[in-house]
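J.: From Swiss-Prot, here are the annotated features:
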BINDING   Val19, Asp40, Lys45, Tyr71, Gly85, Ala86, Ala124, Thr125, Asn126, Ser149  NAD(+) binding site
BINDING   Gln88, Arg94, Asn126, Pro127, Val128, Asp129, Asp154, Thr155, Ala156, Arg157, Thr235  substrate binding site
BINDING   Arg159, His174  beta-D-fructose 1,6-bisphosphate binding site
ACT_SITE  His181  active site, proton acceptor
MOD_RES   Tyr226  phosphotyrosine
Amino acid sequence: MRTSQQAVNRVVLIGGGSVGVSYAFALMNQGVTEELAIIDLDADKALGDVMDLNHGKAFAPSLTNVWLGEYGDCKDADIVCICAGANQQSGETRLDLVEKNMKIFKEIVTDVMNSGFNGIFLIATNPVDILTQAVISFSGLPPHRVIGSGTTLDTARLRYELGEYFHLSPKNIHAYIIGEHGDTELPLWSTATIGTVPLLTYLNRSESYTTEDLDDIFTNVRDAAYRIIQKKGATYYGIAMSLVRVTEAILKDEHSILTTSSFLQGEYGVDNVCIGVPTIINRNGVSEIIEVPMNEDEQKQFNHSVQTLKGIYEPTMQMMK
């Protein structure tokens, strides 16, 4: 991995589908990286995307060098972002995808590591928590250098919904979704704040605000992907923007707190699972996992989410051996 003193950052994107190309487009528009290589099985389509992106250089904030990549380009990459894999179909849960995508990932990670890659993996493909942990196993890299998108998008969705409800900017709402990026995720209402005011206190400002509305807000967040998939076939803009946010935090050594899928080694009383939790992200990847206090009900829900992921990951990895 390159050091922070070097001027040129390189991101390699593997998987030029809707999520991957949206990520590439957002990277260029925000000027986050100087180099971007795109690898995809459909080389012609990927080359078309490269051409299309390069034609917009004159309008970008910085001149990102974009090219059709190969696995050898991973050797000098700071980040390899994997967006490849089977898509989630209507009526299919993220966990239903695990067997399809685990096999795809084993081949991809082997090819990346054979290049001499020594950077950070950023995983977007679902089920993201399970595949993030699989990449740790397949790559042999230390866990702090393998990061999943986790519940970064879910947290952004929650802040958006709360912002709409309270007529406030989502940037001033500090509330997290943690757990599986999926059906067992949970909101941390007990520690959520608006500005510096506890969310549950803020509710008392008006009789038009109710705790029952919070349940509806969370349901909207949890089920958002299903609704979007039903209407347009896939989600990609929101997750692409969340991936760019994590990429920026890494490349700029920000030490920002994001709810990535991170490997727990005793935090929250849990071992050996990747799951969405507030995490300090910097140039080295995961710097620290923040242990947010939970009430009894939240802890119970979180433990259920952990067990759900373990119940899928462990038998699936046994099948891969």
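Glycine is treated like the rest: Cβ placed from N, Cα and C.
Given the structure is predicted, the values throughout are model-derived calculations rather than measurements.
Give me the structural setting of these features: burial, nearby parts and distances.
T.: In the structure as shown, the Cβ atom of Val19 (NAD(+) binding site) sits within 10 Å of 27 other Cβ atoms. In this structure, Val19 (NAD(+) binding site) is part of a helix by DSSP.
Classification of Val128 (substrate binding site) by DSSP places it within a helix.
Following the DSSP three-state reduction, the secondary structure of Arg159 (beta-D-fructose 1,6-bisphosphate binding site) is helix.
For Tyr226 (phosphotyrosine), the same-chain residues 6+ apart in sequence whose C-beta sits under 8 angstroms from its C-beta are Ser90.
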J.: Restricting to the binding-site residues Gln88, Asp154, Ala156, Arg159, His174, Thr235, which ones have a CA within 10 Å of the CA of Val19 (NAD(+) binding site)?
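T.: Near Val19 (NAD(+) binding site), where near means Cα within 10 Å, the binding-site residues are Thr235.
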J.: With Cβ-Cβ distance below 8 Å and at least 6 positions apart along the chain, what are the contacts of Arg159 (beta-D-fructose 1,6-bisphosphate binding site)? List them in sequence order.
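T.: Correct list: Pro170, Lys171, Ile173, Ala175.
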J.: Could you check which of the recorded positions (Lys45, Gly85, Ala124, Asn126, His181) sits closest to Ala156 (substrate binding site), going Cα to Cα?
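T.: Nearest candidate: His181.
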J.: If we check Cα distances from Val128 (substrate binding site), which of the recorded positions Lys45, Gly85, His174, His181 wins as closest?
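T.: Spatially nearest to Val128 (substrate binding site) by Cα position is His181.
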J.: Near Asp154 (substrate binding site), which of the recorded positions Lys45, Gly85, Ala124, Asn126, His174, His181 can be found within 10 Å, Cα to Cα?
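T.: Candidates kept after distance check: His181.
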J.: Which number gives the other C-beta atoms within 10 angstroms of the C-beta of Ala156 (substrate binding site), all protein chains shown included?
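T.: Cβ-Cβ neighbours of Ala156 (substrate binding site) within 10 Å number 20.
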J.: Looking at the binding-site residues Gln88, Asn126, Thr235, which sits with the largest number of other Cβ atoms within 10 Å of its Cβ?
T.: Asn126
